[in-house]
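Following: one structure in structure tokens, then a few remarks.
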Amino acid sequence: MKTEHAKPLMTPEPNSPPPEDQYTAVSPWREAFKQLKKNKLAIVGLIIITSFILIAIFAPLLTSSSYAETNPSNRLQGPSAEHWFGTDDFGRDIFTRIVYGARLSLQVGFFAVTGALIFGTTLGLIAGYYGRWIDMLISRIFDIMLAFPSILLAIAIVAILGPSLQNALIAIAIVNVPIFGRLVRSKVISLREEEFIMAAKAQGMKNGRIIFHHILPNSLAPIIVQATLGFGTAILEAAALGFLGLGAQAPMPEWGKMLSDSRQFIQSAPWTVLFPGFSIMLVVLGFNMIGDGLRDALDPKMKS
């Protein structure tokens, strides 16, 4: 009968490095990126938005005509080899106007969301961290602004400032400030009593340093998600203001304005309405897909 001998224990040498699979720290941002890559809808949305960004950048290379160039002899011509998306009631090439309109829509989305993000995040940080009467004052202002439908408040602001694309951009930024503000405020309130914040205060760290070095970095996930979703909302609101004649003015190729100018030809020349409307739908859908994917990746608790 064979006797089994116990295998000797392998003790690591004092200076030997730990195994490769031990103490492996995975960055939460890297893990979120991995989850995002697995989300097929988010990838589709990213492809859509990237396509429109490239179209906006290389607009002069995609078409040789001007978006304001008129040709009455080509009035309301259907899609053809010469005019891919047809022409409008002034004989202007709709494809050219769609391409240059992508620039306007993306610029409005970027600047409106950036403005709302900066002011909303700042106010949310102040209200959530300091609390007391400062929080009460800022929160009441947010509540009053959110009591009105965003598009109605934007219309009122543009009516005061005057109809133009710049004023529409300002109005869209203003109506989105409380959305970012309340989001950041709620996140700050949940963080300010955490142990690492209390430890920073105990070490004598100044409030500004605590806010920007500890609280803000830990609040980035919901801010990024809201900013992505806000892009689509801002573009849709700009199109609505343009449709009402309060946004971009002729001859600027803003998609909402194109819809407004062509609504009387919806039966006789449906292409004049179809392509601008389809462009708005695609861009908004693309940003919503990316936003939903980011939300699921950065905050799995919110996954429905």
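Cβ atoms here come from the backbone N, Cα and C positions, even for glycine.
Under the heading domain 'ABC transmembrane type-1', Swiss-Prot lists 102-291.
Marked as region 'Disordered' by Swiss-Prot: 1-24.
Residues or ranges marked as transmembrane segment in Swiss-Prot: 41-61 (among others).
Proximity of distant same-chain residues to the transmembrane segment (108-128), defined by a Cβ-Cβ separation under 8 Å and at least 6 residues beyond the stretch ends, is recorded for 134-135, 138-139, 142, 165, 168-170, 172-174, 176-189, 192, 211, 215-216, 219, 223, 227, 230-232, 234-235, 238, 287. The transmembrane segment annotation in Swiss-Prot covers 108-128 (among others).
Within the chain, the transmembrane segment (141-161) has long-range Cβ neighbours (under 8 A, six or more residues past its boundaries) at 123, 167-168, 170-172, 174-179, 181-182, 233, 237, 240-241, 244, 246-247. For 141-161 (among others), the entry in Swiss-Prot reads transmembrane segment.
According to Swiss-Prot, the feature transmembrane segment maps to 164-184 (among others), an assignment based on sequence analysis.
Look at Swiss-Prot and you will find 227-247 (among others) tagged as transmembrane segment. For the transmembrane segment (227-247), the residues of the chain that approach it from at least six positions outside its boundaries are 105-106, 108-110, 112-113, 116-117, 150-151, 154-155, 158-159, 163-165, 168-169, 171-172, 175-176, 179-180, 254-257, 259-260, 280, 283-288, 290-291, 294, judged by C-beta separation under 8 angstroms.
Marked as transmembrane segment by Swiss-Prot: 271-291 (among others).
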